[in-house]
């Protein structure tokens, strides 16, 4: 008797047991189950939800590995132990094993907590409700460690994951039924619950908080300031990073959001594998460019004075907004979430455009919420069904008109 | 309860559980969101509503046969407004700090849907004793939810209960703060009150599935 048959028989024998969903989840993850359709005239797609999710995860892995190097790199630079990378993307200062291991030991626990807690809740809910464990958390679990600051305490992350998965997803009925993107719900929870760990100039570089406490305790050390570019601009100060640094990702920020280069490659991979919607990505960039250009015009036309607190962010060149903060990451990996985005073609254009447009708007006008992308995507998640409704109604109206013209 | 007949006792008991004004009828949500960041404010608010609704129900019930039905809403408003002004003045005289925290929400008891709802639905059709019990029952049901929500919001949001630092001092890092615990600022924002009320509704309906509405 083959292993496949044995596992199948085991499932049939235990089909009334409460823990069966937990078993099937692991079973179908590791093996091809025996209950697939054989023969007949069924339409078959080569990929199921698990493969789709795995593809998205593969697109994010480069960002994760880059994030590990970057965490160590920012840490060592801040401590003055290494020189800034100057030789482009493959600078040896950046890609050193020293950097990697600092980041690895900080970021691995984030990944473990994110998956451990999140999947734990998914299993519990599957057993209570008596349905199969859903795949939705596979991508969320990878997104979460990439969109938090590297020094976030692990228990906070665990609390936020519990909140995000239960309130953001399970109360609506689980994967496919949620209104809000669960990963962003988790981040929004952290942002509003523990703002001192989610914004400011101390959280983005590993070690800055500890150093701060040591100074407070009376040690004679230099404080580490690892402000993000958005924070610097909001204060109207000169940015210390070149555009190349921003594009390649050698800047402080959330773990996986810094390297626009790798995010664009991941995005192209998603478009190529037809999993991410290129319409949403493109229209979101368009929206951000339009808003950025409007602000540039406002600033250069002298409508606001240079002393205005919005001037720094408004006068930043529009293309810089695409490179800094979480804009690129949010656009590629979170705005395109097929569950929470608009479903219709026209709706995707409108939805994406507004995501980009509102991101930059929030960024500029509310320096207290420097990450406009998160709030913009959550806001548009709420409006996505409304957009779809009107697109569909518009189509219905047009067809009715055509029908009338034909019959008349 | 020997004092009350079974029917009268139900007037007190039902709003506490299976016919709760907040979790089942979903009334009075605005004040439940606004003043539940602190336990003390929630208790004072509950007592104020208890006073207004208990007495108001009796007054309306006594007048029920002489109020022309065309102007009954105006009459009801005058009764509530008079009672609310009494509460407001008492708070200002004896608990000024607290009345500042509650600010407009004492005045807004006038528009609390639970009060007008009970006048319309109960006091206009029942005698004063039963109306009194109904008023007490509903305001207790309202108060219980307010206090539960405020308990969690103050405990998790500020680490205090009635102003006492039950979890230790966040600045000197005593109690649980010594282990790296931090207050959850989200708890102090209004959306979290809505989520806590939602969780209470969830628990209540999963324990008693008869309460779940069909659609």
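Heads up, the Cβ atoms here are built off N, Cα and C, so glycines get one too.
Those TrEMBL annotations? Automatic predictions, nothing curated.
Predicted, not measured: the structure shown is a model, and the values here were computed from it.
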When TrEMBL is consulted, the range among A:27-45, A:84-102, A:179-197 described as transmembrane segment turns out to be A:179-197
Counting Cβ pairs closer than 8 Å to the transmembrane segment (A:107-128), the top stretch among A:55-73, A:143-167, A:179-197, A:284-304, A:348-366 is A:143-167
Contact count check, CB pairs under 8 angstroms to the transmembrane segment (A:143-167), set A:179-197, A:247-272, A:284-304; argmax is A:179-197
For the transmembrane segment (A:316-336), the distant same-chain contacts (Cβ-Cβ under 8 Å, at least six residues beyond its ends) come to 56, 59-60, 63, 143, 146-147, 181, 183-184, 228-230, 233, 243, 246-247, 251, 253-254, 256-257, 260, 263-264, 266-267, 270, 276-277, 280-281, 284-285, 288-289, 292-293, 295-296, 351-352, 355-356, 359-360, 363, 370-374, 376-377, 380
For the transmembrane segment (A:284-304), the distant same-chain contacts (Cβ-Cβ under 8 Å, at least six residues beyond its ends) come to 310-311, 313-315, 317-319, 321-322, 327, 331, 335, 352-361, 364
For the transmembrane segment (A:55-73), the distant same-chain contacts (Cβ-Cβ under 8 Å, at least six residues beyond its ends) come to 47, 82, 85, 93-96, 98-104, 106-107, 111, 138-139, 142-143, 145-146, 150, 206, 249-250, 255-259, 262-263, 265-267, 269-270, 273, 275-276, 329, 333
